[in-house]
Amino acid sequence: MSASNLMTEGLNLMLIGMGFVFIFLTLLVLATTLMSRIITSYEKNVGVLPEEGVSSPTAVISPAMNQSQHANDDKNLITVLSAAIHKFRSGK
Amino acid sequence: MDKLLHLWQVTGFNQMTPGQGVMILIGMLLLYLAIKKNFEPLLLVPIGFGGVLANIPGAGLAEGNGILHIFYSVGIESGAFPLIIFMGVGAMTDFGPLLANPKTLFLGAAAQFGIFATLMGAVVLAHFGIFDFSLADAAAIGIIGGADGPTSIYVASKLAPDLLGAIAVASYSYMALVPLIQPPIMRALTTESERKIKMVQQRHVSTREKIVFPLLLLILVAFLLPDAAPLLGMFCFGNLMKECAVVDRLSNTTQNSLINTVTIFLGLAVGSKLSADKFLDLTTLGILVLGMAAFAIGTASGVIMAKILNKLIKEPINPLIGSAGVSAVPMAARVTNKLGLESDPHNFLLMHAMGPNVAGVIGSAVAAGILINYVGA
């Protein structure tokens, strides 16, 4: 490659390079703005994702946990209710 | 007696060339800068030590079957190490500030001018016969201006493996010197009142946006510039792992143990390129000077772009955040914040500067893709 050829190549690369960086990032700005707009309007209807992320795959286990919790809750409820009834009757 | 003579012949005293001696001292200097002055110690400690190891006379650690050469050919020649590091960087990056104000991407684009101006500078030097740079060499030197270690190493390994040692050392040392190089340029290009400009509080960015953004970026890269796909692909992958929050274990590994492991081997492998015959050369001096110019020009063009944007759009933009467009995350953003506080103690620019800062990472990866595409083809 002759010296002047190298200069032209360098100049070409500089113009193409800078031009392309700007085109790419401009497109990215447009795409990002559009994306944000779509998601913001979508989230107005659906609500946002929780900050700590969507529930993990262990979610399969969590309903089972919930069931046992429900069972616990029911037991507590029954205890409280029977205590209340007992008190109500004894009060009479 | 023969045995004794043989033992003498293999000692360092007998075999050491002056060049190796100087390189061992340079390796020690890098260690000193890292340990005492705290210059990017995570990289300069392995690089400096690797440099010392590579120059032990007769041991041949950096050639043939030497362990450093094996690290080099496995990790850097193949391009694997810089890409893995980039994945980790992706997993540590928060695109929130960028998404809150996408226009800051322009600042990240403008700061890449440093890369191309330096490339031109190297070509001009070659034209006048001062240095013997090819276009590929010039491109690899220019990328120092991207202020992004892994990107520089990736491009240099593809385009100019001979210069890799000098380019890696230059780019990491200048990243450490960001707090010294940037402020004078930033002060010179802005007025006191411009430095006092307060920016609007950033809006809240939802998790969904943060998850979609890396995918959007990936699609754009896939369609427009496949040559940048290795770098930005790994970057987006790392970021998606972090943001989607369902693979925390993978994301934590990527940002901690994996990136640390790879950094050790990357540093040693780069150190292996600090051999006397390749490094002790006027070319290295040229690379150091050009790299500095690349940094300075990148900083200046980022600031100037911010001033232009400030004129064009209504939202006020403090020109100081333009300088953060030369990646160097998060050092450049911290410098911006510091200068902002000097002018107005209540003006916190850190989060505003993180936008152009991560935009600079994307910008320099795109520039790297173009250089590889143009020169490699």
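Heads up, the Cβ atoms here are built off N, Cα and C, so glycines get one too.
What you see is a predicted model, and the numbers here were worked out from it, not measured in a lab.
Pulled from TrEMBL, these are the features on record:
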{"type": "TRANSMEM", "residues": "B:16-35", "note": "transmembrane segment"}
{"type": "TRANSMEM", "residues": "B:42-61", "note": "transmembrane segment"}
{"type": "TRANSMEM", "residues": "B:67-93", "note": "transmembrane segment"}
{"type": "TRANSMEM", "residues": "B:105-130", "note": "transmembrane segment"}
{"type": "TRANSMEM", "residues": "B:163-181", "note": "transmembrane segment"}
{"type": "TRANSMEM", "residues": "B:211-237", "note": "transmembrane segment"}
{"type": "TRANSMEM", "residues": "B:282-305", "note": "transmembrane segment"}
{"type": "TRANSMEM", "residues": "B:317-333", "note": "transmembrane segment"}
{"type": "TRANSMEM", "residues": "B:353-375", "note": "transmembrane segment"}
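The transmembrane segment (B:282-305) shares the most Cβ pairs under 8 Å with B:105-130, out of the stretches B:105-130, B:163-181, B:211-237, B:353-375. Counting Cβ pairs closer than 8 Å to the transmembrane segment (B:67-93), the top stretch among B:16-35, B:42-61, B:105-130, B:211-237, B:353-375 is B:211-237. Sequence-remote contacts of a segment are chain residues at least 6 beyond its ends whose Cβ falls under 8 Å from one of its Cβ atoms, and for the transmembrane segment (B:42-61) they are 10, 12, 15-17, 20, 23-24, 26-31, 33-35, 67-69, 149, 165, 168-169, 172-173, 176, 263-264, 266-276.
Long-range contacts of the transmembrane segment (B:353-375) within its own chain (CB-CB distance under 8 A, at least 6 residues past either end) are made by residues 86, 89, 93-98, 100-101, 104-109, 111-112, 115-116, 119, 135-136, 139-140, 142-143, 146-148, 151, 154-155, 158-159, 217, 221, 225-229, 231-232, 235, 302, 306, 320-322, 324-330, 332-333, 336-337. Contact counts against the transmembrane segment (B:163-181), taken as Cβ pairs under 8 Å, peak for B:16-35 among the stretches B:16-35, B:105-130, B:211-237. Through the fold, the transmembrane segment (B:105-130) approaches residues 98, 137-139, 141-146, 286, 290-291, 293-299, 301-302, 304-306, 309, 321-327, 355-364, 366-367, 371 of its own chain, all at least 6 residues removed from its boundaries and within a Cβ separation under 8 Å. For the transmembrane segment (B:211-237), same-chain residues at least 6 beyond its ends with a Cβ under 8 Å from one of its own Cβ atoms are 79, 82-84, 86-87, 89-90, 93, 95, 99, 150-151, 154, 243-244, 361-362, 365-366, 368-370, 372-373, 376.
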